[in-house]
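Listed in Swiss-Prot:
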type: TRANSMEM; residues: 5-25; note: transmembrane segment
type: TRANSMEM; residues: 47-67; note: transmembrane segment
type: TRANSMEM; residues: 72-92; note: transmembrane segment
type: TRANSMEM; residues: 102-122; note: transmembrane segment
type: TRANSMEM; residues: 134-154; note: transmembrane segment
type: TRANSMEM; residues: 171-191; note: transmembrane segment
Amino acid sequence: MKSYFFFILSNILIDNFILVKFLGLCPFIGASNQIKQAFGISFATSFVVVVSTVLLWFVNFFILLPFDLVYLRIIVYMLIISFGVQLIEIILRGTSPILYRILGIFLPLITTNCAVLAIPLFSLYLNHTFLESILYAVSASFGFTLVMVIFSSIRERILLSDVPLAFQGSPIVLITVSLISIVFMGFKGLVRI
């Protein structure tokens, strides 16, 4: 139990996909202007990551490995992720039109988010069990959400601040991201697995 706690904590704070592995930067920079947008893209991405990790674990161990089709892994993963995103979009459109309107613009973008493909692949390459794969996906998604919300709240304050002309736009965004990354590097000595 203790090792699972450290495993989850490590994936959220120390091995954060945005700040350490530099995955998922497109929605991080593009959809973090407001906290509402950050929560929307984070929720949708987290849901797709967890569901696709579960599906892809089963596909890998019950179809690709037994039939020696490992060379098709990335193509199959991309197809399943695309199918999952479309399925979620159809379900949301029919069951919750309000949630669909909030997340509607973000759902197609999730398919191209590299973190959605990377999390199941890293889980596979790290030889995680089924439970560890689920915990890895949930904790990585929570880390993604945490950083998105922190950054979007800081970014909202930056928009209200008087930023020098040379730093307006992308420069201040990149400086802020680098400072947040340095803060998260401080957690490096917190957990040793």
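Glycine residues also receive a Cβ, built from the backbone N, Cα and C atoms like all the rest.
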Seg_contact(the transmembrane segment (5-25), the transmembrane segment (134-154)) with at least 3 CB pairs under 8 angstroms, min sep 6:
yes
Within the same chain, the residues 6 or more beyond the ends of the transmembrane segment (72-92) and with Cβ under 8 Å of it are 44, 47-48, 51-52, 55-56, 59-60, 64, 99-100, 103-104, 107-108, 110-111, 116-117, 120-121, 124
